[in-house]
Amino acid sequence: MMQYSLLSVAFRQYRLLVRHHAQFIKRCYSSDIRNIGILAHIDAGKTTTTERMLFYAGKTRSLGEVHRGNTVTDYLTQERERGITICSSAVTFGWNGKRINLLDTPGHIDFTMEVEQSLYAVDGVIIVLDGTAGVEAQTVTVWTQADKHNLPRLVFVNKMDRPDANFDKCVDDLKAKLDAKPICMQIPAKNIDGQLGIYDVITMELLTWQQKDLGRTYNKLKLEASDELRQLQDKRNELIDELSGIDDELAEVVISTESFDNISSELIVRALRRATCSQKVVPVLLGSAYKNIGIQCLMDAVNAYLPTPAERNQIYDCFGNDLAGKVFKIVHDKQRGPLTLVRLIRGELKRGMRVLCSRGQAEVISKIYEPLADEYREVNSIQAGDVAICSGLKSTVTGDLLTTSHTSLKNAQKRFLQSQDSTAPQKDVDNDDGDDELDVSHGLFSFEPKIPDAVYFCSIEPPSISSQTAMEQALKQLQREDPSLRVSYDSVTGQTVLGGMGELHMDIVKSRLLTEYKIDVDLGPLQIAYKETIEAPAITTLSVEKEIAGIKQNVNITLQVVNNQTELFSLDKSPENLPNLNALRPRLLQVVRKGATAALERGPRVGGEVVDTQIRLHNITVGRGTADSFVMAAAAQCVQKLLTTSGTRLLEPIMSIQIVAPNERISGIIADLSRRRAIIKDVAPKGERNKLIFVNAPLAELFGYSSALRTISSGTASMTMQPCGFSEMNPLDESIAVRRAQGLE
């Protein structure tokens, strides 16, 4: 009987906990929500920081560790085996009365598309720096992505417990490499034993963490008169001085009081929030996630300084209380099918609701889940400003906008155009052509993440013919999750071809096909994704005449290709051609443009994309009854003829590499790089024992370079690599590349 009594008590407590959590979620309106992303270079400590946040917020009962493979956000088998983040994942937790939706993103350049998708769903970001390395290559990349999305940010300098950590260097890097204006809210305090504490510059307190309870509690100590207090007072005055030059309200108080000493901490916090949300400054905090130091202060800073959903996305105010939600990621679950991650901007999303995506498809939301990586807790609805996972949306893709109906979308469009004082004719808004309205609305309110160019490609074959259909379906799902994965069919070889961002990317795809779909595919040798460009301008006329289904098809077209890096297709402006071209139907010009530009996707040398080339239409004559598809094919055939006539040169992808190695290994590494056609940009000291080498090298020379570097340096060197453009090749290297692409070497 005692056992049953204890069980009933435990069950009642559990029900109360669930009810309390549900009430907390229901009370969370837009001002109580923070949607943030966490970005960094690989191994800076993003996932460890996220795990500590979940633990201190009470979302998990134990600390997950990357090296143990038991973290919440790194749930894929490949992530836990390799100790890296591959797919961005969403988690939700409460902290001091606020609801934080956090997206943990990858730090490896091969998965930068995951970062790009996530940034469409957040209102601010945390940039994590390695205190021993400062601003690194991928830090610059993610910072640029945050700039593109106009996101306020905090900087968390991690690993400050290590002896070689340098806080001042990290701050200097933010100024020099990122052109940021850092505001140091904290400075490190290490005792004689090397244990890390933190000085709070605003409150002038010393913060120390208790490791007996895994950092759950920390002490605040007011400093007495000492050199440390005077130093902290100087830092506080510098902070107020910098902020008063940016924030007018704080400046007025400083002028009226004529002293920095009378400025309260509350005034500083409010001024710092205004400056952060307007992206004028970047607050800098520090700590050690692995040693459980500084995480609570970081979460407090998220609540205090990063914007609420209501302070951003004003473009969607035209929806009023109608539903508006952005789809920013799709994952596939074995039991639940495709799951769509939605950032709700306006309105309320309910289970069983019928929604319309901006592309025109209507679907029904089966269930709504609260995000916690790969764990799902079902909820009935979510409010504006929140993030949720929806099941049942089978045709929705990343970038879609979800609304309740076509009427809602149309009304929002009208309000938006009126608010912008648009000069577009009213009939363009009120016409009956629903497809045109959807196209306009899609352009206004949706987003289409720019997919980076693939740098590698390879063929992929199923283990047997019976697995072909399953492999194609699996690739379709993976591509829907990861738009940077290119899947195409080569009609010449009859093979399925994969395009990806790097060796690791392709290896992960193969591994996921085996572990998740039980398909042991064979990948062909990796090939470089070369591009091509024309050697010289050329012009030609093509006449095509053929009878199809008893109807005579006739096209006479004159096209020219010229070197141009800006415009892809244009009309010849010469007096003899321009009047005739202006008289052509817009639909015909659209068909010609589509066929001509499609021919640039596959060049004559190695099948690479033709870039830096403009197609110029001089003249076209189309016979009566000629189909659009025939005109399109004629335009493509004419461009292919031009590319063959003018000839093309190869452009090879160049990679930017940063290598950290001990001083005694530098000469051997540089000697090896010189054999790989590399250009040494700079060699800079990094600490007392290491040097940092900045290199640009052709991707074709870097197959397996990470393994070669470990061999040369006896495992003491590390490297990061990312694309930095394309470069022309000399004739000898070009001929070798062509022979390799043709399988002759």
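The backbone N, Cα and C atoms fix where each Cβ goes, glycine too.
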Matching range for TrEMBL feature annotation, coiled coil, among 58-89, 218-249: 218-249
Same chain, 6+ residues apart, C-beta under 8 Å of the C-beta of Asp43 (GTP binding site), given in sequence order: Ile84, Gly107, Asp130
Number of Cβ atoms other than its own within 10 Å, given for Thr105 (GTP binding site): 29
Most crowded position, judged by CB atoms within 10 A, among Lys46, His108 as binding-site residues: Lys46
All-chain count of other Cβ atoms within 10 Å of Ala40 (GTP binding site): 26
